Amino acid sequence: MSAIPDLAAIEAMDAADPLRSMRDRFILPKGVIYLDGNSLGAASHAVFDELQKASTQEWAQDLIRAWNTAGWFDTPTTLGDQLGRLIGAAAGQTVVCDTTSINIYKVLHAALAMRPDRSVIVAEGDSFPTDLYMAEGVASTRPGAVLRLEGVDAPSIEELIDERVAVILVNHVNYKSGELRDMVALTRRAHEVGALIVWDLCHTAGALPVELDRANADFAVGCTYKYLNGGPGAPAFIYAAKRHLAEVRQPLSGWWGHARPFAFERGYVAGTGIRRFLCGTQPILSMRALKGALDIWDDVDMAALRKKSIALTDLFIQLVEAKCGAFGLTLESTRDGSRRGSQVSFLHDHGYQVMRALIDRGVIGDFRAPSTIRFGFTPLYVSYRDVWQAVEVLEDILRTGAWKDPRFATKEAVT
Ligand SMILES: *Cc1c(COP(=O)(O)O)cnc(C)c1O
């Protein structure tokens with residue numbers, strides 16, 4: 001094992017960081033080390049500028065005309081194309097709309113309908129729960145449909161894939177452990193048996209380079225309020241490969257997905273292209289906030305982002321194990337940076353209290369039941385010095401037992 005870097009070495013890493021200047025674009029409170037951008041990304045000046053423009057100029061002054069004059073009506077697809085560049089999607093295949101949960105429903109239902117002679121949906125037992133809840137909802141609309149779950153029906157997802165499978169819903173990065181799946185290999189495996197695959201990119205969009213087109217993926221969904229920094233409840237996205245766009249039918253057949261929404265026709269006719277995944281009127285102010293957040297990415301080299309992400313997470317693991325090894329922490333994430341998203345998780349028997357104590361001291365990560373303490377590393381605004389400082393605080397809390405303070409034991413609504 002290489003020697004533990006000292007503070008001087010860590011400051012040299014910051015000085016040499018090609019993404020260093022990105023931090024100035026974000027608004028971070030003083031005294032806070034923010035390691036929860038994997039749950040809610042930080043605010044940026046660009047987001048507030050766009051919000052200001054969309055509200056005080058376009059809405060207040062242009063009123064209804066802004067749907068045309070400010071391009072509001074096309075925002076879901078213009079933003080979709082802008083976001084598509086970050087996930088390896090050529091133009092015309094990505095649309096920004098609704099929430100991830102709703103988009104999972106639309107896409108999974110649509111994919112199942114494309115395989116009418118098959119009845120199995122494969123997913124992960126330890127998936128983020130809403131993915132499973134929505135899959136249950138989709139399965140309940142098709143008589144005979146069944147869910148097969150990794151970790152329940154077989155140890156690995158590969159063992160669940162056969163000719164009866166219609167669609168596989170899988171997380172690119174597991175929200176708890178941070179484990180990264182091989183998109184190319186699993187997509188190929190799905191296609192070998194004639195199944196479709198839906199990738200959930202909630203923990204990879206903006207966290208690392210994603211290559212949907214190159215992997216030959218069928219569909220993807222993801223959210224924009226985590227690593228993409230679109231703001232609380234920012235609209236999510238859907239990707240559908242061009243080859244499916246003519247035949248795919250989603251179930252929420254609202255007027256925004258209609259071929260001619262302003263003809264006010266009686267019957268539903270699905271629109272052409274990715275717009276058919278829309279349902280109703282979209283939250284334009286939230287969309288414009290997201291535009292500000294996405295504009296920042298025009299200047300980001302995704303290879304440099306990935307390199308820094310691995311370096312930050314490697315450093316965190318190394319420092320925690322060296323300084324906090326004696327205090328009951330177990331690494332939950334893989335040690336192999338190439339198979340890890342931009343987060344590190346540790347298990348601790350009193351993880352909830354430890355995280356509350358950390359937050360009390362300005363080191364913000366989060367807790368996932370039953371015992372995971374989770375730290376997200378957003379390469380755009382987290383420095384190597386932040387990593388160092390966070391571990392200093394963690395070591396102090398564990399060594400002194402500061403987490404045992406009873407005020408850290410009461411559960412809050414959102415963890
Ligand atoms: C964050 C997250 C969601 C969130 O879904 P919402 O509909 O935005 O609440 C869904 N799936 C995964 C894997 C997530 O990480």
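Each Cβ is built from the backbone N, Cα and C atoms, and glycine gets one as well.
Noted in TrEMBL for the protein shown:
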- THR100, SER101, PHE128, PRO129, THR130, ASP131, ASP200, HIS203, TYR225, TRP255, THR281: pyridoxal 5'-phosphate binding site (BINDING)
- LYS226: N6-(pyridoxal phosphate)lysine (MOD_RES)
Cβ atoms near THR100 (pyridoxal 5'-phosphate binding site) (within 10 Å, other residues, all chains): 24
Annotated binding-site residues THR100, TYR225, THR281, filtered by Cβ under 6 Å to ligand 1: THR100
LYS226 (N6-(pyridoxal phosphate)lysine) versus ASP200 (pyridoxal 5'-phosphate binding site) - Cα distance in angstrom: 13
For THR281 (pyridoxal 5'-phosphate binding site), the three-state class that DSSP assigns: coil
Spatial neighbours of THR130 (pyridoxal 5'-phosphate binding site) that are distant in sequence (at least 6 apart) but have CB under 8 A: THR100, SER101, ILE104
Least buried by Cβ count (within 10 Å) of the binding-site residues PHE128, TYR225: PHE128
Assigned conformation of THR100 (pyridoxal 5'-phosphate binding site) - DSSP reduced to three states: helix
Other C-beta atoms that fall within 10 angstroms of the C-beta of ASP200 (pyridoxal 5'-phosphate binding site): 28
Collapsed DSSP category at the residue listed as 'N6-(pyridoxal phosphate)lysine': coil
Residues THR100, SER101, PHE128, PRO129, THR130, ASP131, ASP200, HIS203, TYR225, TRP255, THR281 binding pyridoxal 5'-phosphate per the record - widest CA separation, whole Å: 31
THR281 (pyridoxal 5'-phosphate binding site), number of other Cβ atoms within 10 Å: 12
